[in-house]
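Trainee: Got a structure for you, questions after.
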Amino acid sequence: MKVNRKDVASAFIFLAISGFFAMYSLGTLSMGRPSQMGPGFFPVAVAAILALLALIILMKSFGSEDTSIGAWPLRGAVFILVAPLVFALMIRTAGLALTIFAISLLTAYASQRMKLTIALPLAVGLAVFCAIVFIWALGLVMPILPPALVY
Amino acid sequence: MEFAFLDHLGLGFATAFTIGNLGYCLVGALLGTLIGILPGVGPAATIAMLLPVTFTLSPVSALIMLSGIYYGAQYGGSTTAVLLNLPGESASAVTTIDGYQMARRGRAGPALAIAALGSFAAGCFATLLIALFAPPLTRVALMFGPAEYFSLIVLGLIASVVLARGSLVKALAMIAAGVLFGMVGTDIYTGAARFTFGTTEMREGISFVAVAIGIFGISEILRNLENERDRDVSVQPIGSLMPSREDLRRSAGPVARGTVIGSLLGILPGGGALLSSFAAYALEKKISPRSSEFGHGAIEGVAAPESANNAGSQTAFIPMLTLGIPGNSVMALMMATLIMQGIVPGPAVMGNYPELFWGVIASMWIGNLMLVVLNLPLVGLWVRLLKVPYFVLFPCIMAFSAIGVYSMALSTFDVIYISVFGLIGYTLVKLDCEPAPFVLGFILGPMLEENLRRAMLVSRGDFSVFLTEPLSAALLFLAALAILIVSLPTINRKRDEVFVED
């Protein structure tokens, strides 16, 4: 039997989202009355609609043609998605310049074609550029260099 | 009585013609052209990235610059479409068909000139249209109560997916998911913390900019990384820019029709630049006496869609500025800009901040003029940008995004949302779910809930109020009708065809 696996997968993701919001609301938030809705009323209603839509997607997935999902750029995804986490960890202690240098190197290597001779100047250039533009020109309040070193 | 609009435009030009605002308009137009030319960097991601920077500007300047990026991208997109057979911008996809064929015949110059001039004509018309139609719409919207507003938002959300491509059910599910994520944070009525896992960071809600960057920016980068290959930079020579008299004569009709179609579709939710260009191309192909030339370098096939996408990108501002309802994801970002600046988008904007409203509209006309100048004589310069390899671009995008999101509240938590929504967004895009409805749901969700609760308070808990108030009932009826019509099998097939280039 034909099944569109993309539709099945998206239906389950929507069901999971719906389930989370419904359970959280029912467990911790008050529903109130229609004339005085509590914080849980609307989320539960929308979650119910989402669950219904997910079930329709699931039903329609049976009997429809499967389509290719294409390549997953695993290496790229890991490097790109880790970069904001590294930024979040570094920015307070390492300052802007080092942080940008680090995440630029990291994201540059998301591309399989990156070479050190490109990545290094790019990371240095971006670090300098961001320091100039964001801190000197736009006046954002962030340390450029590691605060612990400067003081 | 509508001669008041001349006064309004006067105020607008006075606002837009300050040195500072002219500068921001130019920066926006330049950036827009830049990202329009570069394939793989779209206006939604760029505007999301720059949104935090505009925090330091006045609301007028911020909106002038960001809107310049949106319509500027329509100009830039056509350059790549004609010279490289690649849509620099999704709304230029249809221009590649005849534009590139013209370029291969050594007529790239006239194609670019007609695209720019057509866009300019469309831009002027759309600017006038906004000035004429915004005030009456605002007056209607000012009479809306919470029930009407609730129904209007429902209609806006549903119409936005009806006109978009892809599965309707999935798009509706994306809206619902967006609405749910938009509710994270403190409930404004009761002060209860919702979906925060007891953390204080999440009580502020999820940063909209981080969501937009994750959903548009990150998933765009990942999609480009799926298939890394050298960009074919064998750019066609441009030659003389001057269109012949024949070109001009043949383009006049398509430009006019494209402008009208674009202006109309731009106003509708879900419309905007993309749909406008496809529809205008389809129409010209159908009615042109030279329809057999389409696909082989017919200038009509460049003139119509390029005029339409520019008109559509401008009239898309009408529902956002007058009703506070964004019809597409770029407008959702514009709305977020206003909210950040402490302005509640909606019918009150025009009365309370006339210089903002009219200044932005006047700046569009100025920006269009700048774009013609920027794009035509300087086209050779822009084309060189196409030689920048993509793997140099995305580290820049990541760095600017992270700094931008962090700078808004100095919250490292917000930066992490980029990854979270990047992953969610990319996964769903892979599963053929369009990301735009999610973002619209996210930003309209809180408004939807607030108006529902207020309406129920007024009606003492009687749900029938939405159907007994005639205006609200009419809006909901339209929404139901839209879903019904699109669900019909024949229409559904037609809807897919509009987006298929043949």
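Glycine residues also receive a Cβ, built from the backbone N, Cα and C atoms like all the rest.
Any TrEMBL annotation is an automated prediction that lacks curation.
Source: prediction; values computed, not measured.
Relevant sequence annotations retrieved from TrEMBL are reproduced here:
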type	residues	note
DOMAIN	B:22-440	domain 'DUF112'
TRANSMEM	B:12-38	transmembrane segment
TRANSMEM	B:44-66	transmembrane segment
TRANSMEM	B:111-134	transmembrane segment
TRANSMEM	B:140-164	transmembrane segment
TRANSMEM	B:171-193	transmembrane segment
TRANSMEM	B:205-222	transmembrane segment
TRANSMEM	B:356-383	transmembrane segment
TRANSMEM	B:390-409	transmembrane segment
TRANSMEM	B:465-488	transmembrane segment
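Buried or exposed, and what's around them? Tell me for each listed feature.
Mentor: Model confidence over the domain 'DUF112' (B:22-440) is summarised by a mean pLDDT of 88.
Listed as Cβ neighbours of the transmembrane segment (B:12-38) (distance under 8 Å, sequence separation of 6 or more from its ends, same chain) are residues 46, 50, 57, 60-62, 64-80, 88-89, 92, 131, 355-363, 366-367, 370-371, 374-375, 382-383, 385-386, 388, 393.
Within the chain, the transmembrane segment (B:111-134) has long-range Cβ neighbours (under 8 A, six or more residues past its boundaries) at 2, 5, 8-9, 12, 71, 74-75, 78-79, 82-83, 95, 98-99, 102-103, 238, 241-243, 247-248, 251, 254-255, 258-259, 262-263, 266-267, 299, 302-304, 306-311, 314-315, 317-318, 321-322, 350, 357-358, 361-362, 364-365, 367-369, 371-372, 375-376, 379.
Beyond the transmembrane segment (B:205-222), the same-chain residues lying 6 or more positions past its ends with a Cβ under 8 Å from any Cβ of the stretch are 40-42, 44-45, 48-49, 51-52, 181-182, 184-186, 329, 332-333, 336, 394, 397-398, 401, 404-405, 408-409, 411, 414-415, 417-426, 429, 435, 438-439, 442-443.
Counting only same-chain residues 6+ beyond the ends of the transmembrane segment (B:465-488), those with a CB under 8 A from a CB of the stretch are 144-145, 147-148, 150-152, 154-155, 158-159, 162, 168, 455-456, 458-459, 495.
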Trainee: Restricting to CB pairs under 8 Å, which listed stretch, B:44-66, B:140-164, B:171-193, B:390-409, is in contact most with the transmembrane segment (B:356-383)?
Mentor: B:44-66
Trainee: Counting Cβ pairs under 8 Å to the transmembrane segment (B:44-66), which of B:140-164, B:171-193, B:390-409 comes out on top?
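Mentor: It is B:390-409 that shares the most Cβ pairs under 8 Å with the transmembrane segment (B:44-66).
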Trainee: Which residues, given as numbers and ranges, are at least 6 beyond the ends of the transmembrane segment (B:171-193) yet have a Cβ under 8 Å from it?
Mentor: 157-158, 161, 164, 202-206, 211, 428, 433-435, 437-446, 448-450, 453
